[in-house]
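What TrEMBL says about this one:
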BINDING   37, 67, 85, 113, 114, 131  S-adenosyl-L-methionine binding site
BINDING   131, 157, 158  Mg(2+) binding site
Ligand code: SAH
Ligand code: MG
């Protein structure tokens, strides 16, 4: 937890909530230990979607489709969403969730590893939501930059690694060290890339907002 629990609970308590179909999927995800974006990230996305009104969104990391459905709910109704997932067990659940919500025509699910699928995509996305394996963000970055429109927004979730990223590498468990090093490198590149302006926010599990100049 990066922000203290009391503050998080207070801020979350002010949210007006989501439609019931989203609540159901979120509950299922929590019960089945499928990752889903936290309330604070939901709130940030809702604000950004209302403000930026993207016409096209690319998401890396669908899981069972909660965040894709949340984005389809709060983005303009003509916004096209493409989302990528590689885990075979989650793909049919995501598809079924999209079908039941009546959003199959607005959300395109691509099955496979983003590392292989990204190079085949055509660019021009208004918004890209990076929410896959933290250790891979750095490897996705060149393709993500190619796919992001000038003036577009890249949102990356979980960038502070539960706070570990600010610790010395020696304070991090051995199995988290590779992610630690790669996430530091990712944050450095986002902050220093000549084509990007980036803010790192200690929201949820850490979020970056980067706009392509
Ligand atoms: N955005 C979702 C949660 C995503 S959890 C939500 O909030 O509802 C991260 C997902 O990314 C996992 O399901 C994992 O299988 C997927 N993933 C991780 N690395 C990937 C990769 N290289 N290509 C495609 N999917 C990947
Ligand atoms: Mg996440």
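Note: Cβ is positioned from N, Cα and C throughout, glycine not excepted.
Note that the structure is predicted; figures quoted are calculated from it, not measured.
Among the residues 37, 67, 85, 113, 114, 131 said to bind S-adenosyl-L-methionine, no two Cα atoms are farther apart than 20 Å.
For ligand 2, the neighbouring binding-site residues among 67, 113, 114, 131, 157, 158 are 131, 157, 158, by Cβ distance under 6 Å. Within the set of binding-site residues 67, 85, 158, 67, 85 have a CB atom less than 6 Å from some atom of ligand 1. According to its DSSP assignment, residue 158 (Mg(2+) binding site) is coil.
Remark: residue 114 (S-adenosyl-L-methionine binding site) has 60, 61, 84, 86, 132, 136, 140 as non-local neighbours, by Cβ distance under 8 Å and separation of at least 6 in sequence. Around residue 113 (S-adenosyl-L-methionine binding site), a 10 Å sphere centred on its CB holds 13 further CB atoms from the protein chains shown. Taking the mean position of the Cβ atoms of 131, 157, 158 as the Mg(2+) site, the remaining same-chain residues with a Cβ inside 8 Å of that point are 37, 41, 61, 129, 130, 132, 134, 156, 159, 205, 207. Every protein chain considered, the tally of other Cβ atoms within 10 Å of the Cβ of residue 158 (Mg(2+) binding site) stands at 24.
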